[in-house]
Amino acid sequence: MGQEPRTLPPSPNWYCARCSDAVPGGLFGFAARTSVFLVRVGPGAGESPGTPPFRVIGELVGHTERVSGFTFSHHPGQYNLCATSSDDGTVKIWDVETKTVVTEHALHQHTISTLHWSPRVKDLIVSGDEKGVVFCYWFNRNDSQHLFIEPRTIFCLTCSPHHEDLVAIGYKDGIVVIIDISKKGEVIHRLRGHDDEIHSIAWCPLPGEDCLSINQEETSEEAEITNGNAVAQAPVTKGCYLATGSKDQTIRIWSCSRGRGVMILKLPFLKRRGGGIDPTVKERLWLTLHWPSNQPTQLVSSCFGGELLQWDLTQSWRRKYTLFSASSEGQNHSRIVFNLCPLQTEDDKQLLLSTSMDRDVKCWDIATLECSWTLPSLGGFAYSLAFSSVDIGSLAIGVGDGMIRVWNTLSIKNNYDVKNFWQGVKSKVTALCWHPTKEGCLAFGTDDGKVGLYDTYSNKPPQISSTYHKKTVYTLAWGPPVPPMSLGGEGDRPSLALYSCGGEGIVLQHNPWKLSGEAFDINKLIRDTNSIKYKLPVHTEISWKADGKIMALGNEDGSIEIFQIPNLKLICTIQQHHKLVNTISWHHEHGSQPELSYLMASGSNNAVIYVHNLKTVIESSPESPVTITEPYRTLSGHTAKITSVAWSPHHDGRLVSASYDGTAQVWDALREEPLCNFRGHRGRLLCVAWSPLDPDCIYSGADDFCVHKWLTSMQDHSRPPQGKKSIELEKKRLSQPKAKPKKKKK
C-alpha cells in the first residue's frame, strides 16, 4: 500500500517558455501558481520497490504572484541552486536543500517572461521581459547589466552552452537574435524566417557545424535568408547550430557561422489518438524543443494536441520523425505540451519530463520513447473527497478545474493511478458521493447547481438531473426514498434516492432511475408531516445516519434538525451552533459499543466542533420535537470555520476535521482530546477523508490546489496553531474574495 505521504500538486503553469527544469542525480522542479514544486526522480526517491520512482518532496514558497520562469544551475557542485522569475517583478535565487531564498533582484520594470541560468558562467542569470529589456545578473558579486536590444516582447531566451557571452532571444513576432553580452548586447545575428511567436530555443549540444551533414542550400527561400557580411566577422570560430520552435508550426535549424537558416521542419498533422479531451476546446499550438546532449543528431519537439516527436536531423530531406509512445494507447498527452526537460538519474537513465495543458507531468524513457510514469495535478480548488464503499480505495476528488479525478489509491504498480472525468461537467465540482452498493456509480454536484450521475466504469457521458439548484451544490447524500417517490410499488422505485443540498437552501430528492423526471423539494413533505406553517430554515447540509432511518439537516441559522423516516417526522432540533452549518457526520456502526452509532459530529462557520449523542431521542421517538441545547462533547482548538468532519472507520470515536485555519485536526472525541495536527497545506482546507483501509492515513484537499495523503503518526503537532499564525490567516481570508458567498435568506 506504500506507507508514504503523497501529494497531488497544482498543475504546472501554462504558456511559459521555461517553467520546469531538472539536474543530474534526479531532482526535477516545475512552477505551479506562485510556487515551485520539487520532485525527486530515480532510485533516490525512497519509494517502496515496484512503485514509480518519483516523489513530490517539497515546495519553494516566497513569490506573491505567478512564477513565469524556473531554471536550475547546471554547474556541478551547485545543483542545489536554482532561479525563478515571477509576475511579482522579482528574480529569486534559491537553495533547494534549505528551500530558502539566497538572494533576489527586482530590476525589471515590466512583466518578466523568461530566464535562464548560464551553462557557462556559474553565477550568471539572464532574464527578459515583455518590453524587450534583458538583465544579466551576477549574484556572487551582486552586479547587473541592463540591455535593451529591440522594443519587442521577449518570449524565450537561451544562453549558449559553448560561448559564455552569447545569448539567443526569441520574440513574440517571430524574430530571433543572437547577442553578445560582453559587447553591451550587440546583435551578432538577426535570424529571420519565423512569422509568429518563438516558443523555444535550443542550442546544438555539440560546438561546431560539422556534427550534422546538413544540406547547406535547402530551398531557394532559405538561400535568401543571409545576414550579408556580418557572417564573416562572427566571433564564433567554428559556429554552432541553433534550433527554434514557433507557433507558425515550424522548427528551424540555423547556422551561427553563416547567420541563416539551413533546415525547416514542418509539424505533421497527426490523427488524434485517445479520446480524453473536450473537442469543443480550441487550443493554440505550443512548440517546444529539446536537443539531447547524448544524441546531437536527434531533436525532440512537441506537436499538435500533445504528441511528442523525435526528429532525425541526418535525414533532413526525408523529414523523418518517430512518434513517442507509438505502440501504447493512452500514454501520450492529450493537450499541448509546454516544456521538455532532460534528467539523468543516479543510475544513469536518460529521462525526459514534459508538462502539458492536460495537467499531467509525464516522464519518458529516451531509450524507448515510452512513458515511464505520470504525475497528475490539479487546476483548481480540491472541493470534495469521497471514498467508495464498494470499490475499496477508490477516491473521487471534485476539483475547481471542471474535472472529477478518481484515484485508485491501492494500485500496487502506480502510486498515482488517476482517471479524469470531464464530460458533462463544465464547471467547478463542489460535491461528490458514491452509491453505497452500486459499483462505479458516482453522484456529483457543481457550482452552477447541476446534479449528475457518472458510471466511472463506462466511457459514457454522465446522466444529468433535469432539476437544477439555483446556486452551488454543497452536499450530496444517498438515502431511502421518502414520499412522493417512496409511494410507488417495490419494483417501481429505487432502493436509494439521491439527495442534494444547494446554496439557495433547498434539499432536492432525485430519482436515480429517472433523472429526467422532476426532483422533489423535501420541504413540502416536512411541512405536511409536521403541520408546519412557519417559514422553514435555509438548509446548508444533509447527512443520513448509516442505518438509513434518520436524516439530519444543517441550517444557515446554526440549527440542526433530526428527522425520522418514512415521512420525515421532526423529532429533535439542536440549537448549538450559532452560524451556518457546513458539515455533519454520523459515527459508523461497527464500533465496540453499539451506542456509538448515535454520535453525530458537526462543524459550522464557527471554529468549535460539537458532538451530540442522539440515542435517547431516537429510541424514544418523541411525539413532539425535543430541543437540545447541550452538546455531548465539545472539540475546541481550530481558529477559523470548519468545512468538513469525518469519523475514522477504524477507531471508536476518532474524528478528523478540516478548517479554514489551514490545518486538519485528529481528535479523540470521547475524551475531547486533540491527537495530531496536519499543517502541510498552504491554504484553507475544504475537505477531508479517512483511508478506508489504513488507520494511520488521511486525505485532505484545500484551496491551494493540492490533495495530500498524510499519516497521523508522522505529524509533529498535536493541536492547531494558536495566536499569530491564525490571525495572519484570518487577515488573508478577509483580504481574499470569498470562495463561497454566504447565502442570503430569501
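In case you wondered, yes, glycine gets a Cβ from its N, Cα and C as well.
Unlike curated records, TrEMBL annotations are generated automatically.
If you take every residue in the repeat 'WD' (60-104) and average the pLDDT, you get 98. Positions annotated as repeat 'WD' by TrEMBL: 60-104 (among others).
According to TrEMBL, the feature domain 'Gem-associated protein 5 first beta-propeller' maps to 80-236.
The repeat 'WD' annotation in TrEMBL covers 241-264 (among others).
What TrEMBL records for 391-701 is domain 'Gem-associated protein 5 second beta-propeller'.
Sequence annotations record features per position, and here TrEMBL assigns repeat 'WD' to 635-668 (among others). Here the repeat 'WD' (635-668) has long-range neighbours at 579, 582-588, 590-593, 596, 599, 601-611, 674-679, 681-690, 692, 695, 698, 700, 702, 710, 712, 719-722, 725-726, 729-730, 733, meaning same-chain residues at least 6 beyond its ends whose C-beta is under 8 angstroms from one of its own.
Summarising the annotation, TrEMBL assigns region 'Disordered' to 715-746.
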Can you name the far-off residues of the same chain, 6+ from the ends of the repeat 'WD' (60-104), with a Cβ under 8 Å from a Cβ of it?
13, 16-25, 27, 29-36, 38, 111-117, 119, 122, 125, 127, 135, 137, 139, 142, 682
So, by DSSP, how many helix, strand and coil residues make up the repeat 'WD' (241-264)?
0 helix, 17 strand, 7 coil
